[in-house]
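Novice: Sharing a structure with you now.
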Amino acid sequence: LLLLIGQGPPPPLAAVLNRLWFCFLADQQWWDRWCPSANQCCSRKKAFQITKSFIPILEWLPNYRVKEWLISDIISGISTGLVATLQGLAYALLVAVPVGYGLYSAFFPILTYFFLGTSRHISVGPFPVVSLMVGSVVLSMAPDENFLLVSSNTTGLNKTLIDTESRDAQRVLIASTVTFLVGIIQLVLGALQIGFIVRYLADPLVGGFTTAAAFQVFVSQLKIVLNVSTKNYNGILSIIYTLIEIFERIGTTNIADLVAGLLTIVVCMAVKEINDRFKHKIPIPIPIEVIVTIVATGISYGADLEKKYNAGIVKNIPRGFLPPVPPVVSMFSQMAAAAFSIAVVAYAIAVSVGKVYATKYDYAIDGNQEFIAFGISNVFSGAFSCFVATTALSRTAVQESTGGKTQVAGLISAGIVMIAIVALGKLLEPLQKSVLAAVVIANLKGMFMQVCDVPRLWRQNKVDAMIWVFTCVASIILGLDLGLLAGLVFGLLTVVVRVVEPQGVKILQFSSPIFYANIDGLKSSLKSTVGFDAVRVYNKRLKALRKIQKLIKKGKLKATKNGIISDSGVANEAFEPDEDPEESEDLEIPTREIEIQVDWNSELPVKVNVPKVPIHSLIFDFGAVSFLDVVAVRSIRTIVKEFERIDVRVYFASHQDSIVTKLEQCAFFDDNIRKDIFFLTVHDAVLHIKSQIMYKDIQDPIFEKVRIINHIFYDFTETSRPEDELDVQEEVCQCI
């Protein structure tokens, strides 16, 4: 690697490690000599298992079923190779490099992924979204304005030309350098086991991003189909500026290119629809891109469209392979941010597609190993003038639907691309660029159809629909790199907003079963979460109510339905030191009542330190609670009653059906605790609470009603036991 980037020979440590590894492979007794005792270090078997995890081909190739799979892989490889050849040429237009370099990008990445990849079905190579992201870096660092030449003709007038040879060489170098840097980033992320990073790319975010990318790809290829020259815009609103200039110069459209492009789009989309509808009857999908390309090349060559109609053709496709070229390390700082975005997006696309087929065929792919596999593939291919590789959905679908069983099909497809590079490239030189652009546009149908997901998302979850729309619009306006970042930040913000507790509501989540051993911890956690002790609040309120009742009896306070009013000019004897010990009386005693309204969170006319209760609702999130025992049911029932008597409603959410069954068996429900406090999700519970608050605001906007004791207070004795304090044996009997 160091030799490749021109930094001198490998350090001695690398040479030593290489020598040690060679000795291990060459001499079977080396490991025994290095580790004479199996108890002192790892065994050779363990070392081989670790090696297989880094080189997965050692796992699946010895088990390859030649008689069953080889024919299928050959047929699949040939079909996929033909498609990969055409798509490689087409996607090179997105990177703004000569189309021949697309063939290299469809060949080299497969070679390394064959040994290191864990997916058996994905077809490795260029993908339009990733190619466009690389192209945006290329165009920003090597615009046409940097390669202008001034020449004079026989009339003495100066004419500005573009040095296309120097421009293309520089763009190829930039594209390969980006690819090399992307590979290094992916290698580092894989080595650090950061495969989980794609979890933050939610499906709505990816859907909106890829749809916006499809729109940008469409616009970039539209000017090629029309053969209209425009400036290369980059950054914010670049796609808008490009569209405006295309329509301003629509009069310069080349009719031959337009007709060829439109026919290609119509034919390709029609045949692809036939392939989809009759895929169970057609053994092999019709390779329409290959057929259209062959026909279009023949027509262009026979009719000499370049000379007669000034059609834009491919012209030069280099034959054979180019020698490896080291990347320009000094460019890394200018492209680091974009390279990181490309690395993550390319990996996310490949892993997402790979998981679909891994699930279908019942095998697993290793996310971190995929990072390493694509990292090495991009480092390797970047040295051979390629652009970033991932996987293409349509190409992978061809490889799987034509019977591909393993990456042997991918290797054979690389052989087909190699034949095109070595022998057939010259035959494709008369091909119109508009045909290649039309092939790209025809393959965007699946990404554009993601727009149909928005109504469904809106019905299921409006926040997810907003993420989709925001990411799509941001990616179109700001560009793909900034748009992806904006969508990611917006998505994370919506997560924060969705978990923020509404005012007056506390959400307590339990992450384990609840039983006798952890119930005390649950009660402590509950107190710290809500910020008060419900029993203490209850007792303090009772004490305050007694003092208020005494003052009312003495005529020093007036109780009205609008609140408690103190007579002016009368000393308030209730303001005395709060030195009475906590009393354990129960309020559930016979009383004669009058209803008044008291705001317990405001200043009271008596000097009793009543703790404030800043909440009106408490939600228990039971999503991770798998079971409850008898002690837990009894304690939770007591907790509910304690909070209810200080006017805090308790709700339960995200519970399993077995939890409700257990509560029913243990006589949890009664006339006061009903099943209408249970909800499927926390969100549903919050919505219910908000609706109740709105109704309460209409009925009673400020105060909460409490009961005031008017006459005699009865001492609560041990003989009058409340019904919720059942004996454990009674609870067990009820649960049987």
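From the backbone N, Cα and C atoms, a Cβ is placed for every residue, glycine too.
A TrEMBL annotation is a machine prediction, not a hand-curated record.
Dumping what TrEMBL says about this protein:
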- 89-116: transmembrane segment (TRANSMEM)
- 173-198: transmembrane segment (TRANSMEM)
- 205-226: transmembrane segment (TRANSMEM)
- 282-303: transmembrane segment (TRANSMEM)
- 331-350: transmembrane segment (TRANSMEM)
- 371-394: transmembrane segment (TRANSMEM)
- 406-424: transmembrane segment (TRANSMEM)
- 465-493: transmembrane segment (TRANSMEM)
- 495-689: domain 'STAS' (DOMAIN)
Novice: Need a quick answer: max count of Cβ pairs under 8 Å to the transmembrane segment (205-226), which of 173-198, 282-303, 331-350, 371-394, 465-493 is it?
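Specialist: It is 465-493, which has the most Cβ pairs under 8 Å.
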Novice: Mark yes when the transmembrane segment (371-394) and the transmembrane segment (89-116) have three or more Cβ pairs under 8 Å (sequence separation 6 or more) and no when they do not.
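Specialist: Per Cβ check, the transmembrane segment (89-116) touches the transmembrane segment (371-394).
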Novice: Does the structure show the transmembrane segment (465-493) and the transmembrane segment (173-198) touching, where I'm treating 3 or more Cβ pairs under 8 angstroms (sequence separation 6 or more) as a contact?
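Specialist: Between the transmembrane segment (173-198) and the transmembrane segment (465-493), which are separate recorded stretches, there is no contact, as judged by 3 or more close Cβ pairs.
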